[in-house]
Amino acid sequence: MSDSLEKLYKYVEDNKQYMIDQLREVVAIPSVSAESGKRSEVIRMGHWLRDRLEKLGAKTKLAELGNQEVDGKTIPLPPIVLGQYGSDPNKKTITIYGHYDVQPAYKSDGWDTEPFTLVQAEDGRLIGRGATDDKGPVLGWLLCLEAHQKLGLDVPVNLKFCFEGMEESGSDGLDDLIVREADGWLKGTDFTCISDDNWLGTERPCLTYGLRGNNYYHIEVSGPSADLHSGVFGGVVHEPMTALISVMSKLVDTNGKILIPGVYDQVAKFTQEESKHYEGLSFKNQDLIDDMKFDCLIYENETDTLKSCWRYPSLSLHGIEGAFYSPGCKTVIPSKVIGKFSIRTVPDMDIDTLNKLVTGYVEDEFKKVGSKCSVTVSCIHSGRWWYSSPNHPNFVAGANAMTRVFGIAPEYKREGGSIPITLTFEEALKANVLILPMGAANDSPHSTNEKIDQFNFLNGIKLFGAYWDEISKL
Ligand SMILES: NCC(=O)N[C@@H](Cc1c[nH]cn1)C(=O)O
Ligand SMILES: [Zn+2]
Ligand SMILES: [Zn+2]
């Protein structure tokens, strides 16, 4: 191992409590992009990152993206935080992307502890919203840079940072910004790296070479001008909720099969070559069952589970706005309801074609219901799928770095989730993108009791340093 890396590894171990306390500080900022009332916190988090980058000697820019309309209110979009550290023409340049917004979280959702107060558990878990998705990794890059400086080590690459605050809510404005900055702030990028994902298991590190996309839809069904008394109007009127539930029940069956005709026609055929990618993986169905503490898996064997998650589309029903969901019994007929669902997309699905299929199908099914209520279907946001080759030098650098830090070569996986901006980075910067996960498979991103293990967080910081070193040798 090189002297510099040895020093870095020791520094991380010697300063682990400081690094965990830094994570505590960022988790404490409830930067939830999906809740308009928390927008100022998202912006505060963006400013925190900008200030931190400046303290580290990086040049920074806050790219403002204008406003957003939410529920009839105009609120500012959080800025993209751009940073640049080093501009040595003899060094390779890496653009690092991450997001500083998080999913909503309330203790009442079922958390064991306050979601925005980091808890350092005895078993090594660092529990808090954003710990793994994506504050731990974003902070990890900065801590790695800081460690180099404190140790007086040369940073062997030039770094560009691009941190957004709307990833969990459709990445508004980011596509345009990257295209705009491809010849500006992000010019000269040789490689892009994203650490916004988790390992396939809990023991072995992995690299990710594919992501699903996501199209998010609303079905709005409107009826009378105000909510109605079900004793007076029940059985007398066409109810918006009845029509909506009827339509939503026709989108997907209980085994996860999407019922919208034509959707599977766009999916790339499974090849013999591809089947090799499913061999020898550490994944076990039982890991998911343990994670969920419940067995509701559709497939009996591991390959079918992974194929379904990685290379086939899925449709999930998320909720109904306007529906009564509180405890107790309310006897009201809601006047307007909005059904929410999303479709995870895969190669070779096309967003516009999918939108046409979905809209046409929902409208046809709504007609069949024969309701006097009205319906509108809209695609609220969409992010493209991404599929890459794990043989690219960027992946080789990532694999070597993982082997050096963990003493074991990584496995290769695709991801059922989405990082909507990945393909845009690849196309606009004309540079390969590596997804370098930090957290373990059981971190529960988006769920209750989200955590990152101290082991993954600290070794992740070492990994980032090893990756810079590997890139510098290319
Ligand atoms: N860590 C990546 C992640 O959680 N991505 C989100 C992004 C998204 C897609 N549609 C809405 N948000 C995910 O849900 O996969
Ligand atoms: Zn994320
Ligand atoms: Zn997320």
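First residue shown is number 1, and so on along the chain.
Including glycine, each Cβ sits where the backbone N, Cα and C put it.
Automatic, uncurated: that is what TrEMBL annotation is.
Record features (TrEMBL):
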type     : residues                                       : note
BINDING  : His99, Asp133, Asp196                          : Mn(2+) 2 binding site
ACT_SITE : Asp101                                         : active site
BINDING  : Asp133, Glu168, His446                         : Mn(2+) 1 binding site
ACT_SITE : Glu167                                         : active site, proton acceptor
BINDING  : Asp196, His229, Thr331, Arg344, Ser418, His446 : substrate binding site
DOMAIN   : 209-368                                        : domain 'Peptidase M20 dimerisation'
SITE     : His229                                         : site 'Important for catalytic activity'
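In the three-state DSSP scheme, His446 (Mn(2+) 1 binding site) is classed as coil. Here the C-alpha separation of His229 (substrate binding site) and Glu168 (Mn(2+) 1 binding site) works out to 37 Å. Rounded to a whole number, the C-alpha distance linking Asp101 (active site) with Glu167 (active site, proton acceptor) is 7 angstrom. Close to His99 (Mn(2+) 2 binding site), meaning Cα to Cα within 10 A, are the following recorded positions out of Glu167, Glu168, Thr331, Arg344, Ser418, His446: Glu167, Glu168. Sequence-distant neighbours of Glu168 (Mn(2+) 1 binding site): residues of the same chain at least 6 apart with a C-beta under 8 Å from its C-beta are Val32, Ser33, Ala34, His99, Asp101, Val102, Gln103. Asp133 (Mn(2+) 2 binding site) and His446 (Mn(2+) 1 binding site) have their C-alpha atoms 8 Å apart, to the nearest angstrom. Only Asp133, Glu168, in sequence order, out of the binding-site residues His99, Asp133, Glu168, Thr331 have a CB under 6 Å from ligand 3. Between the CA atoms of Glu167 (active site, proton acceptor) and Asp196 (Mn(2+) 2 binding site) there is a gap of 10 Å, rounded to the nearest whole number.
Other than the site residues His99, Asp133, Asp196, same-chain residues with C-beta atoms no more than 8 angstroms from the centre of those residues' C-beta atoms, the Mn(2+) 2 site, are Gly98, Asp134, Pro137, Val138, Glu167, Glu168, Asp197, Ile419, Pro445.
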